[in-house]
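Engineer: The structure follows.
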């Protein structure tokens with residue numbers, strides 16, 4: 001077996017749920033690219049050790065809990081990632097570490113593919129972490145009428161999202177147009193981020209969780225007539241941008257095929 | 001930050017519970033060795049992709065579910081690992097991948113440190129995976145009177161352990177001298193491998209789980225007067241041998257200190 005020419009990967013804690021190691025390794029093999037994608041589990045306490053190794057990799061995705069703390073280690077951060085304040089991709093170029101936010105492109109891809117225009121809509125987002133921040137950035141930039149954040153710890157969420165003009169509440173109600181889950185609730189089909197909400201025609205339910213592609217929350221909303229957008233499209237959109245940045249291009253059909261295989265294999 | 005001269009690590013699925021990324025990175029820093037230890041999460045389906053990259057690493061520990069399947073990819077396997085049929089360490093030498101079983105030395109270290117001689121003893125082992133196999137190998141080699149395996153799936157266990165002269169039963173009872181847990185039960189202080197057993201003076205309880213160092217099973221046995229051996233000593237013994245093989249030596253005090261720090265940080 002020939003050692004790979006390129007070493008890519010994912011860093012986070014945990015990473016055992018992530019389908020990336022199947023998606024990208026399968027994609028590289030299909031495209032004849034001699035590259036590897038490693039899922040690397042890194043505690044908050046050990047990020048500092050990993051960063052000495054980081055420039056030996058050609059690039060890596062970043063997930064919880066490092067999307068914000070990684071920024072302190074980077075040589076450059078692209079303006080989208082800087083304005084969002086969250087990085088989910090690092091590329092190594094001439095030994096320099098450059099940060100990007102491809103989640104933003106994943107969110108854009110998901111809404112466009114679903115034919116949903118957020119302008120003039122009242123929207124509630126569950127969660128206040130890195131992906132919630134990126135979603136809020138997209139909603140405000142695309143002229144949402146109002147954005148409310150549902151958070152268990154209202155004070156903490158206010159602190160984390162102080163850069164954004166958003167209301168923060170402990171519970172949602174039935175008055176919003178669009179409901180977006182940005183928490184891990186629903187991963188492995190456990191948990192519902194909006195148990196207090198009755199869905200129906202005219203409401204739109206959106207989930208950033210991609211595994212399973214139809215979470216309990218989306219299933220409940222869909223059955224009652226709401227339009228639903230799956231986190232799998234966000235994942236695909238984000239992966240298209242990741243491959244664009246890391247390998248200067250993306251064969252979307254091969255990528256989508258690899259994602260579908262991965263989601264079936266990991267369940 | 002200077003890129004590391006040596007790249008070590010752990011492969012398995014999951015790996016998020018493993019303290020190795022703190023233990024070894026801290027040890028290397030204290031000893032001024034320019035090396036890194038990466039915890040890499042690898043599904044059974046993606047092991048084949050990783051193996052193209054493996055020889056670019058200087059060595060790596062192997063945990064569930066790869067301790068047996070990894071053997072097909074190795075150029076050499078040392079006789080202890082071959083006779084046990086389970087590898088938990090791979091070292092790269094001149095581009096060749098060599099397999100070892102340091103768990104064996106960890107088990108030996110744990111029993112010796114605890115002052116427990118297994119010869120002439122009747123022993124029950126819960127579990128039939130890679131570590132159970134290594135423990136059984138040690139017990140038979142050190143003249144245990146009898147070894148019984150407690151397994152939920154007796155038929156499957158018989159199949160996996162057909163090379164060993166052991167009884168296999170669904171339940172233990174109170175008649176054994178030594179009770180050894182080789183299942184993940186007790187990890188994160190959840191689960192008891194021998195709920196059906198009354199412990200007391202004269203019985204010995206042994207656990208391979210190292211986090212927490214005193215599992216519910218060991219606590220229950222200890223309270224009732226049994227002698228107990230903790231998986232933390234197995235971990236330390238195994239790490240001493242791992243560092244011996246990977247870095248030609250081990251400063252045991254620095255290692256034990258790193259293990260104690262790691263166990264406290266990860267809980």
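Glycine too: its Cβ is placed from the backbone N, Cα and C atoms.
Swiss-Prot feature annotations, pasted as is:
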{"type": "ACT_SITE", "residues": "B:67", "note": "active site, proton acceptor"}
{"type": "BINDING", "residues": "B:63, B:88, B:103, B:210", "note": "shikimate binding site"}
{"type": "BINDING", "residues": "B:127, B:128, B:129, B:130, B:131, B:208, B:231", "note": "NADP(+) binding site"}
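Tell me about the setting of these features in this model.
Structural biologist: A coil conformation is recorded for residue B:67 (active site, proton acceptor) in the three-state DSSP classification, outside any helix or strand.
Within 10 Å of the Cβ of residue B:63 (shikimate binding site) there are 20 other Cβ atoms, across all protein chains.
Around the Cβ of residue B:231 (NADP(+) binding site), the number of neighbouring Cβ atoms within 10 Å comes to 26.
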Engineer: Taking the Cβ of residue B:103 (shikimate binding site) as reference, which residues of that chain separated by at least 6 in sequence fall under 8 Å from it?
Structural biologist: B:86, B:88, B:130, B:131, B:134, B:234, B:238
Engineer: For the shikimate site (B:63, B:88, B:103, B:210), what does the 8 A shell look like? I mean other same-chain residues with CB within 8 A of the CB centroid.
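Structural biologist: Those within range, site residues removed, are B:61, B:102, B:106, B:131, B:208, B:234, B:235, B:238.
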Engineer: Restricting to the chain of residue B:128 (NADP(+) binding site) and a gap of 6 or more, list residues whose Cβ falls under 8 Å of its Cβ, or answer none.
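Structural biologist: Once residues fewer than 6 apart are set aside, residue B:128 (NADP(+) binding site) is near B:149, B:151, B:156, B:157, B:160, B:161, B:168, B:182.
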Engineer: By the count of other Cβ atoms within 10 Å, pick out the sparsest of the binding-site residues B:129, B:130.
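Structural biologist: Ranked by other Cβ atoms within 10 Å, the binding-site residues B:129, B:130 bottom out at B:129.
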Engineer: Among B:63, B:88, B:103, B:210, the annotated shikimate contacts, find the widest CA pair distance and round it to a whole Å.
Structural biologist: 16
Engineer: Suppose we draw a 10 Å sphere around the Cβ of residue B:208 (NADP(+) binding site). How many other Cβ atoms does it contain, all chains included?
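Structural biologist: Other Cβ atoms found within 10 Å: 28.
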Engineer: Given the recorded positions B:67, B:131, which one's Cβ is surrounded by the fewest other Cβ atoms within 10 Å?
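Structural biologist: Ranked by other Cβ atoms within 10 Å, the recorded positions B:67, B:131 bottom out at B:67.
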